[in-house]
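Read the structure below first, then the notes.
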Amino acid sequence: MGTGADQELELPLLALRGLVVFPHMVSPLEVGRPRSVAAVDEAMMHNRLIVLAAQRDPKIAEPAPADVHDVGVVAEVKQLLRMPEGKTRVLVEGLFRARLVMTTEPGPSQGAMHARVAPVQETDDGPGSPEDPGGMRRQALIRSVLTALDEYVRLSGYLPADFVSAMSGVADPGRLADAIAGQIPLPFEEKQMLLEVAGRLERLEKLLALLHRETEVLDVQRRIQSRVRRQMEKTQKEFLLREQMRAIQRELGEAEERDSEAGELRRRIQELKLPEAVREKAEHEVARLEKMAPMSAEAAVIRTYLDWLLALPWNRTTPDRLDLETAERILDEDHYGLAHVKERVLEFLAVRQLVRSRLKGPILCLVGPPGVGKTSLARSVARALERKFVRFSLGGVRDEAEIRGHRRTYVGAMPGKIVQALRQAGTRNPVMLLDEVDKMSYDFRGDPAAALLEVLDPEQNHAFSDHYLELPIDLSDVLFITTGNLLQAIPRALRDRMEVIAIPGYTEFEKVQIARRHLIPRQLRDHGLSPKHLSVAPGAVTAIVRAYTREAGVRELERQLAAICRKTARRVVEDPACRLKVTAANLHRWLGPPRYHDSPTEAEDRVGLALGLAYTDAGGDLLSIEVAVVPGRGKLWLTGKLGEVMRESAQASYSYVRSRAEQLGIPPGFYERLDIHVHVPEGAIPKDGPSAGVSMAVALISALTGRPVRRDVALTGEITLRGRVLPVGGVKEKLLAAHRYGIEQVVLPVDNLRDAEEIPANVRRQLTLHPVSHMDEVLRMALAERPVLATRVPVDEKTGVPVAPPAADVGGDAMWPETA
Ligand SMILES: Nc1ncnc2c1ncn2[C@@H]1O[C@H](COP(=O)(O)OP(=O)(O)OP(=O)(O)O)[C@@H](O)[C@H]1O
């Protein structure tokens, strides 16, 4: 067919939308626009030739000559098929590239557009052409394109597999490029770009780049798809399994169980009339529970949580009994003595009666040795107020989470102790006893004291937050009472927030009263006995206190009485008619030999042995302090498990003695020839504090001068390097201890005298107190006037220098070890 491939032609123009036809490519076209139909008709009437050129913008409906690209293809219309609605379908075959030289618009008669076109001369083909000597580039390009095409076909699945082998038969690079470009789905702008390249190899090279890019895109696409597919499969699988499980549960009747569980929970929530925030949270959790498989671990977590939420007393309170008379009667009924504490409790109730609304604070803190009735007093307060009573111990708590709970994300998470106690109480206004606030510690897991501060602060505790509950809980109606053994060990910030009431310990008289009025009746009751079975003579109680117990409280006493009751119970079972009587004389038959007879007090005055008074967490106690002087080089030995402060205090006493040696009648330079050993017996018990300073100085001076210490004097006081005596703590407990051991003379710092006013009058009467402010006064009181030995430090008569001592010859009192 004469196509006139090298001269200009005037042909009808068909504008293509979003489509490029290449030479040698047969392609079906749907023609609808009137101008396009006219162009096809015109071509059919002449030589079937037509120019196909792509529109620059496929969206334009009626393109003007400027709207079509300058390069297109001259094609032959192979077939024409008229369709309904005026549409026409044609089959065209591209013949050659052509440049549109001039394009003319149709006249008003709606005919076709025309274009004058000039064929594009294709360049650089064949071996030996200047750009490709030897045809190497051509070869390389063709091979690369075929490889890339192979990869592309494999990845896309879009073209038939034999397309590649068909293409490998095309030798002309330009044609190859056109044939491939015509078949693969590239954006039409890129196809147009390829159409406009006249150079064959250049066109092939551009196609190669596009192929590579397409392959890469396909690869990424494939990876995304497979990921999406996997995801889809997983959700589908889960959905399927869940459905199956539901079906199984239905079969087993579990679904109904779950539905009924949720229904039951909802009903309970409704009934409980919870505060709004709590109700919302509870309902939210029930809704979550419903969506879960009943047996799943998560459902169990939610169930436990709901259990807690619904069990807490959000709005349950008990009315307070504010009747003072009854309250006083109850307090007296339960406890002997303790007037100060009872008074404070009654004051609290009185204020409560006047201020009906919430009373901020106070938090009572009962401090005293074990067994003085702190816990039972708190219980009694609850009884007087008709409130519920709960207690927990803070001893050993070192983790904030124990107070505040663990977050629910933890396995086995639980609310903290406060919330647990509230649940146990079942009302929101119990008396809550926090035992052993002085035994808390802290580590990297947070400071429990800080959490307690929030609990005990009336400004904050109306919205206490527990990590587990995730809801603020109101603690402002709780009456907190705390207890501890040592005031100093309670964290300062906590101490400031509380009203401390000290219970120093009981005198012997009080113990006997407590036993007779409370402990014996209670033990009889607890052992199923009646007073006619057993009577305990007052003298026997005193004997138990003296010989079988050594304590500030009455716990050990109660235990001994329980032992007596046990023995009685056995006898009563054997012989219901028996009548038993415990007296001081037959006590050893009930309780065995006395446990305590060895008092630390001595039968006679001793050299180098002083009695100090100590304050421990078990109350007050006596402490013997021994000093021995041995030949040596001025070393000071300290033994008996002394704490840091006590050691320093011993050093201070020693320095004081050295600096005052001459006035004290000790040869100067004694320390160059002698070692001094200070020992505080009962080494298993740790001892600390500065209050033994005075007694150590007395023992030292006694050992160095040979003047014995009076055995009926006990001492307490801190010493300075200049011999001043400073006040100390725990004086009440110390005085009670001195009295317990039958000591009558107590030397104490003058500033501590007012503490002595708080001990019971009958004890006070039996003690003679010697207030002092300087060591000189202490020594006048505590040391015998004249040495029992000429001097404890032998000196050379001529030089006055201490010499090695002679062999001991002073009986049991010997301070010098025998020299070998
Ligand atoms: N004044 C008292 N009147 C009657 N009973 C008392 C009195 N003091 C203590 N008790 C009794 O002594 C026992 C021990 O008291 P409680 O357990 O309250 O001691 P505590 O001070 O709390 O000791 P701890 O510091 O070890 O907790 C209780 O049975 C208590 O009833």
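We count from 1, first residue shown onward.
Just so you know, glycine gets a Cβ as well, placed from its N, Cα and C.
Sequence annotations record features per position, and here TrEMBL assigns domain 'Lon N-terminal' to 11-215.
Look at TrEMBL and you will find GLY368, PRO369, PRO370, GLY371, VAL372, GLY373, LYS374, THR375 tagged as ATP binding site. Classification of GLY371 (ATP binding site) by DSSP places it in coil, neither helical nor stranded. Around GLY371 (ATP binding site), the same-chain residues six or more apart in sequence whose CB sits under 8 Å from its CB are GLU551, ALA552, GLY553, VAL554, ARG555, GLU556, GLU558, listed in sequence order.
Here TrEMBL flags 604-785 as domain 'Lon proteolytic'.
Of all Cβ atoms in the shown protein chains, 30 besides its own fall within 10 Å of the Cβ of SER691 (active site). In the three-state DSSP scheme, SER691 (active site) is classed as helix. Residues annotated as active site in TrEMBL: SER691 (among others).
Secondary structure at LYS734 (active site), taken from DSSP and collapsed to helix, strand or coil, is helix. Residues or ranges marked as active site by TrEMBL: LYS734 (among others).
Here the C-alpha separation of LYS734 (active site) and VAL372 (ATP binding site) works out to 15 Å. Comparing LYS374 (ATP binding site) with SER691 (active site), their Cα atoms are 26 Å apart once rounded. Apart from GLY368, PRO369, PRO370, GLY371, VAL372, GLY373, LYS374, THR375, the ATP site neighbourhood in this chain, defined by C-beta within 8 angstroms of the site C-beta centre, holds LEU366, THR483, ASN485, ILE503, ALA552, GLY553, ARG555. In this structure, the binding-site residues under consideration are GLY368, PRO369, PRO370, GLY373, and the one with the smallest number of other Cβ atoms within 10 Å of its Cβ is PRO370. Long-range Cβ proximity for VAL372 (ATP binding site), meaning a same-chain Cβ under 8 A and a gap of 6 or more residues, is found for ILE503, PRO504, GLY505, TYR506, ALA552, GLY553, VAL554. Distance from the CA of PRO369 (ATP binding site) to the CA of SER691 (active site) is 18 Å. Listed in sequence order, the recorded positions among PRO370, GLY371, LYS374, LYS734 whose CB lies under 6 angstroms from an atom of ligand 1 come out as PRO370, GLY371, LYS374.
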